[in-house]
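Taken straight from TrEMBL:
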DOMAIN    25-485  domain 'Major facilitator superfamily (MFS) profile'
TRANSMEM  84-107  transmembrane segment
TRANSMEM  114-136  transmembrane segment
TRANSMEM  142-170  transmembrane segment
TRANSMEM  182-201  transmembrane segment
TRANSMEM  207-228  transmembrane segment
REGION    247-279  region 'Disordered'
COMPBIAS  254-269  compositional bias 'Polar residues'
COMPBIAS  270-279  compositional bias 'Basic and acidic residues'
TRANSMEM  296-317  transmembrane segment
TRANSMEM  361-378  transmembrane segment
TRANSMEM  390-415  transmembrane segment
TRANSMEM  427-449  transmembrane segment
TRANSMEM  461-481  transmembrane segment
Amino acid sequence: LRPPIPVPQTLTSPLPFSHSYRGLTLVLTFLSYTSYHLSRKPISIVKSQLHPNCSSLGPNPHNDSNSTTWCSWAPFDGDNYKELFGALDNAFLVAYAIGMFISGIFGERLPLRYYLSGGMVLSGLFTSLFGLGYFWDIHVLWYFIIVQVCNGLVQTTGWPAVVACVGNWFGKGKRGLIMGIWNSHTSVGNILGSLIAGAWVSSAWGLSFVVPGIIITTVGIICFFFLVEYPEDVDCSPPLHHVMTTSEKDPEAVTSNEGPLSLSGQSSVDHSHSPKEPAEEPEAISFLGALRIPGVVEFSLCLLFAKLVSYTFLYWLPLYIVNVAHFGAKEAGDLSTLFDVGGILGGIFAGLISDYTGGRATTCCVMLVVAAPMLFLYNHVGQNGIGTSIAMLIICGALVNGPYALITTAVSADLGTHESLKGNAKALSTVTAIIDGTGSVGAALGPLLAGLISPTGWNNVFYMLIAADVLACLLLARVVVKEARGWCGPMARQRGYVVT
């Protein structure tokens, strides 16, 4: 091992060097998870093409007067096509939920660059294999199910890896705002996936999968060559993941230690002399140990229901627009991107408000409470005009995806570096995987329930989504009360009251 380069006491030379790598890490991880979501979106766009309204396309060219599904793609040409679509979604999401609990463990112990890049290349392979079913003229349900299961498993490499990479480079700071902006990769990926899939959905839907598969593979190769896992690998000083006891007494020290180098100089030297800090790295936290961190269980269960709503929209919104508003497949796919535009705004807004108030749980609860009536209104008046539909989609996207984005980013980072861990840096990936893995259970249930309920009417689907939002809010009640007491305490002391 080469000796570490001494850290100078000035901020003139190292800061631009370190900031460049921090910026590179943000860009690469942003592009990585954008491509993950880009490759998940095509299935929701292609559904309307696998079982279209054949009567609107004219007479049957095969002269089969009894067939009303001559333009559908077998095996999705039967009356149970919604259940089969639900099975496709569920195959991916159940595999993703199961794999996520395991993925965090591997993410703590394997080189992140290899783990992330390998997962992206495999994701590109399985995404392309689904689309190749079109060119190979495959009509066997189990082929598509198996491809979805494999893709769900390998895509679990993404989230724990990118969060761990960002966590290695960025310490405590304005996490809500920074990670809210960074987390827009989810919505950007959904938007790009919708637009790319929509470009070929009506002509050759197989390309709607093959092209995203090529894109995620390419980004994975780029990450393999350029992603830097640790600041120490390029002789940069690591950030502080929590505030030390001495820093807690000095607010200026807290602020200065958030960057790659502290203004005090001494703290930076201490960290630079111990790359990766082997003496301070205990064993990776256990699964049960992570569950005992205050707030992990509450936010995990809340995310289960919040992600249930978000992923139901992700997989079923284009089909809902086609059936209710009677748009074409491409137009419905383009219109559905407005939900993700709202998601970007909601994630940034939630992060900004939670940073300002210090109330992560309260911010989530308020947005979830408002989301419930907005979902009801969208279902009943959202299709009354293109202007109303656009506005309602953006508002619903912001309120639904705002809490989801906040929990999976800033809240996960807060809990993964909780003060009860006493400096254990081997917890962030595990905590992130537990929270997102629990949420992925909801992501699997949502589209499945939508597939089962939608034959009884879309109204019932929205009632299910509203109920999920209310449950998500109730599960955070204890944390919200704790935050409220934290606010009331200082206010009461300022007014001369005794807080008991």
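Backbone N, Cα and C define each Cβ position, glycine as well.
Looking at which of 84-107, 142-170, 296-317, 427-449 has the most CB pairs under 8 Å to the transmembrane segment (361-378), the answer is the stretch 296-317.
Away from its own ends, the transmembrane segment (390-415) comes close to residues 159, 163, 167, 175-176, 179-180, 182-183, 186-187, 293, 295-296, 299, 302-303, 306-307, 309-310, 313, 335-336, 338-343, 345-347, 349-351, 354, 360, 363-364, 367-368, 370-371, 374-375, 377-378, 381-382, 428, 431-432, 435-436, 439, 469, 472 of its chain (Cβ-Cβ under 8 Å, at least six residues beyond either end). Among 142-170, 182-201, 207-228, 461-481, 207-228 has the largest number of CB pairs under 8 A with the transmembrane segment (114-136). Across the domain 'Major facilitator superfamily (MFS) profile' (25-485), mean pLDDT in this model comes to 81. Remote same-chain partners of the transmembrane segment (182-201), defined as residues 6 or more beyond its termini with a Cβ less than 8 Å from a stretch Cβ, comprise 26, 29-42, 44-46, 48-49, 166, 207-209, 211-212, 215, 314, 318, 329-330, 333-334, 336-337, 340-341, 343-344, 347-348, 351, 397, 401, 405, 408-409.
The transmembrane segment (296-317) is not in contact with the transmembrane segment (142-170), judged by fewer than 3 CB-CB distances under 8 Å for residue pairs 6 or more apart in sequence.
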